[in-house]
Amino acid sequence: MAPARAGCCPLLLLLLLLLGLWVAEVLVSAKPKDMTSSQWFKTQHVQPGPQACNSAISNINKYTERCKDLNTFLHEPFSSVAITCQTPNIACKNSCKNCHQSHGPMSLTMGELTSGKYPNCRYKEKHLNTPYMVACDPPQQGDPGYPLVPVHLDKVV
């Protein structure tokens, strides 16, 4: 019996693993093609008046056709979140320097998946009053005319 060749298999396995991770990331963060990153941020995270998480996140899940594990809603208008982009730059979780922290505690709701398969996703709500961090980028065509617009909710502080 010939010895197994070690040259190609580890490389092939690594490539398959990387492809799998890339596909998983695309599915998790996929934004609709007809939306800018800022518009998708607004759809997912801006909710001036609190609503029940089960129905609110259901509207987001329709775009991705899967149950989102966790979603946070900021209870303030988009214009207020965009003003957060004018605070000093700080490092994001991914080490990029385009994050900004809200001026103070803000009302928000976190919805965490507890059970279900799409489209019957069920969420547990947690209401908080705490600062948040957003990643901001220059606006794209179709975005409001702010110097920077929020494109990613980086974390709740």
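Just so you know, glycine gets a Cβ as well, placed from its N, Cα and C.
Going by Swiss-Prot, these are the annotated features:
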type	residues	note
ACT_SITE	His45	active site, proton acceptor
ACT_SITE	His152	active site, proton donor
BINDING	Lys68, Asp69, Leu70, Asn71, Thr72, Lys93	substrate binding site
DISULFID	Cys53-Cys96	disulfide bond
DISULFID	Cys67-Cys121	disulfide bond
DISULFID	Cys85-Cys136	disulfide bond
DISULFID	Cys92-Cys99	disulfide bond
SIGNAL	1-30	signal peptide
Handout entry: Chain-internal residues, separated by at least six, CB under 8 A from Lys93 (substrate binding site)
Key = Asp154, Lys155
Fill in the blank from the handout: Integer Å value for the Cα distance linking Asp69 (substrate binding site) with Cys121 (disulfide bond) is 9
Handout entry: Helix, strand or coil at Cys53 (disulfide bond) [DSSP, three-state]
Key = helix
Handout entry: Site diameter for substrate, Å, by largest Cα distance between Lys68, Asp69, Leu70, Asn71, Thr72, Lys93
Key = 20
Practice task
Would you find the one among the recorded positions His45, Lys68, His152 whose Cβ has the most company, meaning other Cβ atoms within 10 Å?
Solution key: His152
Problem - Close in space, distant in sequence - Cys96 (disulfide bond), Cβ under 8 Å, 6 or more apart - result: Ala135
Practice task
Out of Cys85, Cys92, Cys99, His152, point to the one nearest Asn71 (substrate binding site) in space (Cα versus Cα); all of them are recorded positions in the record.
Solution key: His152
